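Data block below; observations after.
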Amino acid sequence: MAALSVLATPFTRVAHVLGLAGLVLVLVWTVHFRGGFAWDSTNKNLIFNLHPFLMLFGFIILGGEAIISYKSLPLKKDVKKLIHLVLHAIALALGIVGIYAAFKYHNESGIANLYSLHSWLGLGVIVLFAIQWLYGFLTFFFPGGSATLRSESLPWHVFFGLFVYILALGTASLGFLEKLTFLQNGGLAKYGSEALLVNFTAITTVFFGAFVILSVISEGPPPEDDHSYSAI
């Protein structure tokens, strides 16, 4: 049941625009200002650049699009369920690669791992996300639980999914802050174009998440049955 008695469509459209804007901003930052990407390089910063790009595009944006897929796509329930599942799987896979890129950068640069709140929360988020996806797959997709189990699980699945996503947004914000602080301590101008770009990217990410949540709690197409996997 929607908490807001308004249609989700305007919110989902704004979310799409903000997601695209966030993708453009993070690409401008990592490619134009930070030099691009590499998996193996003497310039270890190119390895790190994969981390913010994959976490934002894969984990935050694709994860958000997966969440609002039931409200934004004019398709049959089973098709939307599959899209929801696949987008979340891609988001999880890219998130894992993104976290591995951060570890690879640290290890090859002689930097300690898992010393910051951002890294602690990030590892926790990826584990919780994986648990959420696996439970959703087994309960709502294959082999699928009973109607009673699905009905009882759905509210908790929605709540847990939103909790993990909000936690991911907070973790991303901490990541932007942490990286920008390191760059500024290394001489980056505090009011320079790159610093402003990073802050605007973080703000865009937060607003994207806000409109994803507004979409979830607003009214969408009526469900085909009482136990449809239709909210998140």
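Counting starts with 1 at the first residue shown.
Positions of Cβ are set from backbone N, Cα and C atoms, glycine also.
Sequence-distant contacts of the transmembrane segment (12-32) (same chain, at least 6 residues past either end, Cβ-Cβ under 8 Å): 49, 52-53, 56-57, 60-61, 64-65, 68, 71-72, 194, 197-198, 200-201, 204-205, 207-208, 211-212, 215. Taken from TrEMBL, the feature transmembrane segment covers 12-32 (among others).
Confidence for the domain 'Cytochrome b561' (14-217), expressed as mean pLDDT, is 96. TrEMBL lists 14-217 with the feature domain 'Cytochrome b561'.
If one looks beyond the transmembrane segment (52-70) by at least 6 residues along the same chain, the residues whose Cβ comes under 8 Å of a Cβ in the stretch are 8, 11-12, 15-16, 19, 22-23, 26-27, 29-30, 37, 80, 83-84, 87-88, 90-95, 97-99, 101, 122, 126, 129, 161-162, 165, 168-169, 172, 175-176, 179, 201, 205, 208-209, 212, 215-216, 220-221, 230-232. Per TrEMBL, the feature transmembrane segment maps to 52-70 (among others).
Feature annotation from TrEMBL assigns transmembrane segment to 82-103 (among others). Here the transmembrane segment (82-103) has long-range neighbours at 39, 47-48, 50-55, 57-59, 62-63, 65-67, 69-70, 73, 75, 113, 119, 122-123, 126, 129-130, 133, 136-137, 141, 229, meaning same-chain residues at least 6 beyond its ends whose C-beta is under 8 angstroms from one of its own.
Sequence annotations record features per position, and here TrEMBL assigns transmembrane segment to 123-142 (among others).
Annotated transmembrane segment per TrEMBL: 154-176 (among others), in sequence order. Long-range contacts of the transmembrane segment (154-176) within its own chain (CB-CB distance under 8 A, at least 6 residues past either end) are made by residues 52, 55-56, 59-60, 63-64, 67, 116-118, 121-122, 124-125, 128-129, 132, 135-136, 139-140, 198-199, 201-202, 205-206, 209, 212-213, 216, 227, 229, 231-232.
Counting residues 6+ beyond its ends, the transmembrane segment (196-217) has Cβ neighbours under 8 Å at 2-4, 8, 11-12, 14-15, 18-19, 21-22, 25-26, 28-29, 33, 56, 60-61, 64, 67-68, 71-72, 158, 162, 165-166, 169, 172-173, 176-177, 179-180, 183, 231-232 in the same chain. Marked as transmembrane segment by TrEMBL: 196-217 (among others).
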- Item | Chain residues in Cβ proximity to the transmembrane segment (123-142) (below 8 Å; excluding those fewer than six residues from its ends, i.e. six or more beyond) | 59, 63, 81, 85, 88-89, 91-92, 95-96, 99, 114, 149-150, 153, 157, 160-161, 164, 167-168, 171, 229
